[in-house]
Every structure is written in structure tokens, then in C-alpha cells.
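Here TrEMBL flags 12-35, 47-64, 70-92, 104-124, 130-151, 163-185, 191-212 as transmembrane segment.
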């Protein structure tokens, strides 16, 4: 039986983390294709992509300070590029008001990263600098992982999983798992610890999905019953009357 070294294990999990995170970074592509087709970004928010850009930029700086953290550099370098592409496309198709608001937020993100780099160089040295930036990365990553709490709350209230796709929850959970083990074997607990929370939130999201996934259909059947319409309609006789009864039962579908 082949026994892998700690270095080999950290490389394997880091490589797997890169692959899964690459898929997660590409998850919004259908959303931006929809924006491109509609030629409008109304109804969408740029904030999640700005937060992702800030997180990727901060981790890129942390990897630079750590030295030889190539697997962190590769995925977060890609993350910065793809998030900038998303934000640029959003700005191109956004209304004037959203463009101004997003522009100010973009300045805040880049300004915060710049100030953080400047102060860490001025007021810390060596391992102390790595520790400070590492803790900031850990806190930001905890905030990023906690972001789905609002969606989970919406699922519980509405009993609908429409805005919490299972595939994305699964890949986020896998990503958190891979990066936890990478940090664990590297003894980099600034990477490992936040991903424990990411794994737990991911598991809860999937449990909620399986618990509520049939609720939409049940709600439709209940609505039909309360309005005096059977879900399975056997049309007999005059089809116009059947259509009229459906329109009366579901006026909002017009």
C-alpha cells in the first residue's frame, strides 16, 4: 500500500480545490449570458461579485506573503480575472444609477485592498505580517461563507428551493472540503478553519434542499384544491368552459 507524504497530500487536495473552485467561479456564467441576451442587468446585483473579487484579491496577497503557495495563487488569480470580467459586463449593461453605485463600490474594494497592503508593509514585518493578513483573510472568508444564510432563511420561509440550486451547494461544499484538507496538511489554519464553516453551511443547504424540494409542487396542488380546481383535469365536453374555469382559478397566470 502506497503511503503519501504530507506534502503530496496537500498538493493533491490543493489541486482538487483548484478544479472545484474553478467550476464554482464559472457558476455565474449562465446569469451573465442572460444579461448579455437581454442587454440589461436590471434585477441583478453586482455586490456578490465585488465581495468575491475582494476575497480573491486578499488571498492572492496572502499567498504572495506566504511564499511558494502556488495553488492559492493560481485559483485566486483566475478568480480576480473572472470576477473583473463579470463586473465589467454588469457595468456595461447596467442602468446609469447602478453604474454609479457599482463604480463607488469598486473604488471601495480596490481602495481597501490597497490600504491593507500599505499598512501591513508599514506596521508589520515577516511572520507578523503573514499572521495579520491571514487573520483578515479568515474573517473575510467566514463572512463569504455566511452569505448564504439569507438564502437559507428565504428557503425556510417560502418553502421553495428555487433560488438555492443543489449543484452550486454541492460544489461549494466540495470546495470547502478540499481547501480544509489543503490547509490542514499545510498547517495553514488561516485557510483550514474558515472552510470548516463553509463545509457545515454547505451540508445544511443540501439538507434544506432535499427537505423542501417537493414543496413547490405540493403548494401548487394545495392552491388548486382551495380554489376548487382538481390538479388532474379530465376535460370533457366544452373545452372553452374548462379553459374558463382554469382562468378563474388562476387569474395571476394571465
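Placement of Cβ uses the backbone N, Cα and C atoms for every residue, glycine included.
Across 12-35, 47-64, 70-92, 104-124, the stretch most heavily in contact with the transmembrane segment (163-185), judged by Cβ pairs under 8 Å, is 12-35. Nonlocal intrachain contacts for the transmembrane segment (104-124), taken as residues 6+ away from its ends with a CB within less than 8 angstroms of a stretch CB, comprise 46-47, 50, 53-54, 57-58, 61, 65, 87, 132-133, 136.
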